[in-house]
Amino acid sequence: MISAIRPAVRSSVRVAPMANTAFRAYSTQDGLKERFAELIPENVEKIKKLRKEKGNTVIGEVILDQAYGGMRGIKGLVWEGSVLDPEEGIRFRGLTIPDLQKQLPHAPGGKEPLPEGLFWLLLTGEIPTDAQVKGLSADWASRAEIPKHVEELIDRCPPTLHPMAQLGIAVNALESESQFTKAYEKGVNKKEYWQYTYEDSMNLIAKLPVIASRIYRNLFKDGKIVGSIDNSLDYSANFASLLGFGDNKEFIELLRLYLTIHADHEGGNVSAHTTKLVGSALSSPFLSLSAGLNGLAGPLHGRANQEVLEWILEMKSKIGSDVTKEDIEKYLWDTLKAGRVVPGYGHAVLRKTDPRYTAQREFALEHMPDYDLFHLVSTIYEVAPKVLTEHGKTKNPWPNVDSHSGVLLQYYGLTEQSYYTVLFGVSRAIGVLPQLIMDRAYGAPIERPKSFSTEKYAELVGLKL
């Protein structure tokens with residue numbers, strides 16, 4: 001049984017109001033679980049008030065094309081952590097990516113935000129102190145060990161099995177450790193669901209670097225295990241160490257940035273929605289995230305970062321890296337005329353350059369300005385929007401997050417493209433699991449939208465087929 005939540009000493013630290021965001025305070029509890037427990041009654045009352053007073057208010061219309069077009073634009077999900085504006089990009093609890101880079105805690109001597117701080121922000125809506133983030137890092141480190149049967153399961157995977165498939169298998173296998181499932185089977189009160197979901201989520205996030213690095217070392221480094229979890233290090237530094245990059249401070253900084261900006265992107269994308277959907281059936285965080293990771297593995301979602309780099313390397317092999325804009329323009333047109341897409345460009349919601357792309361570009365300008373692949377990516381950025389606009393078949397000719405990440409990883413020696421989506425998966429857990437905890441705390445029901453056949457839709461719109 002999980003022990004009762006105990007009050008902790010309050011902090012008096014405050015942060016000043018910011019433009020375009022509500023006033024926010026540093027969290028007032030030393031422990032994340034304790035602080036979230038404080039917030040639950042207030043947030044539940046807000047939801048009750050909203051539904052009681054405005055529950056019958058129309059919030060949007062649905063046209064037939066949306067039903068056949070992937071449900072894009074339909075307002076039908078609740079996602080607290082982030083909101084995506086087509087013109088501005090993503091905001092995490094009201095904060096832009098530059099806001100996160102400035103205001104979330106950093107590692108000593110570092111410039112990039114720690115993903116632990118983002119997790120705290122997403123769950124509470126508050127910016128944690130340095131001490132609170134350090135405590136969260138240590139908490140995750142203390143939970144990182146994985147069961148023997150999960151180690152053996154990963155080690156038995158054939159080298160032909162994609163890293164994302166291995167990741168999904170391993171996360172599913174952690175179901176044996178689920179506190180939520182065990183508590184549910186014992187008949188725990190539903191008001192306590194969130195506590196067990198919290199514990200599972202914390203354990204899962206903590207174990208992902210160990211799982212992900214074992215997959216990497218098995219597939220690409222002959223199974224030689226390096227590094228170990230150090231309770232004094234942050235999450236990204238430990239992950240980098242397990243991968244074999246623990247001595248590279250720049251790579252660790254990149255990993256901090258990568259894990260932060262890939263974590264959350266509203267709730268309607270495949271991995272986020274799948275995790276939330278499966279969780280709504282009261283499946284544990286392990287089963288729910290595993291389902292989300294299987295969605296992330298798809299080429300139209302997270303696997304796109306692998307395909308972008310493969311395409312860039314293919315371009316380089318054909319036209320070289322010391323190329324002109326005219327060379328790239330011709331190559332882009334040849335790609336489009338062959339019926340292929342230009343990977344890394346376009347987005348289901350965004351209509352401007354993805355701020356996550358911009359953050360990675362700024363990192364590259366600081367750390368690798370003369371790198372030939374960065375030069376190639378930059379030149380593509382100058383040419384592709386014009387070509388795609390002239391081609392006329394995309395609503396968004398601007399680069400997305402996948403357009404840049406692979407090049408950064410290549411620079412530091414993580415060259416195995418098939419592994420890139422695994423890094424995305426580790427990051428995505430940090431973004432989607434806070435919502436799963438909130439769903440259980442706020443009593444979110446199982447999802448069950450209505451579906452119709454084509455014949456029924458035709459009847460609804462008055463058309464005889």
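Glycine is no exception: its Cβ is also placed from the backbone N, Cα and C atoms.
Annotated features in Swiss-Prot:
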- H301: active site (ACT_SITE)
- H347: active site (ACT_SITE)
- D402: active site (ACT_SITE)
- R72, K190, L300, V342, G344, Y345, T394, K395, N400: CoA binding site (BINDING)
- H265, H347, R356, R428, R448: oxaloacetate binding site (BINDING)
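Between the CA atoms of L300 (CoA binding site) and D402 (active site) there is a gap of 11 Å, rounded to the nearest whole number. A 10 Å radius around the C-alpha of H347 (active site) takes in these binding-site residues out of T394, N400, R448, in sequence order: T394, N400.
Of the candidate recorded positions, R72, G344, T394, N400, D402, the one lying closest to R428 (oxaloacetate binding site) when CA atoms are compared is D402. R428 (oxaloacetate binding site) has a Cβ environment of 28 other Cβ atoms inside 10 Å. Within 10 Å of the C-beta atom of R356 (oxaloacetate binding site) sit 25 other C-beta atoms, taking all shown protein chains into account. All protein chains considered, the CB of N400 (CoA binding site) has 22 other CB atoms within 10 Å.
When the Cα of H301 (active site) is compared against those of the recorded positions R356, D402, R448, the shortest separation belongs to D402. Here G344 (CoA binding site) is compared against the recorded positions H265, R356, D402, R448, and the shortest C-alpha distance is to D402.
Checking the binding-site residues (R72, T394, N400) against R356 (oxaloacetate binding site) with a 10 Å Cα-Cα cut-off leaves N400.
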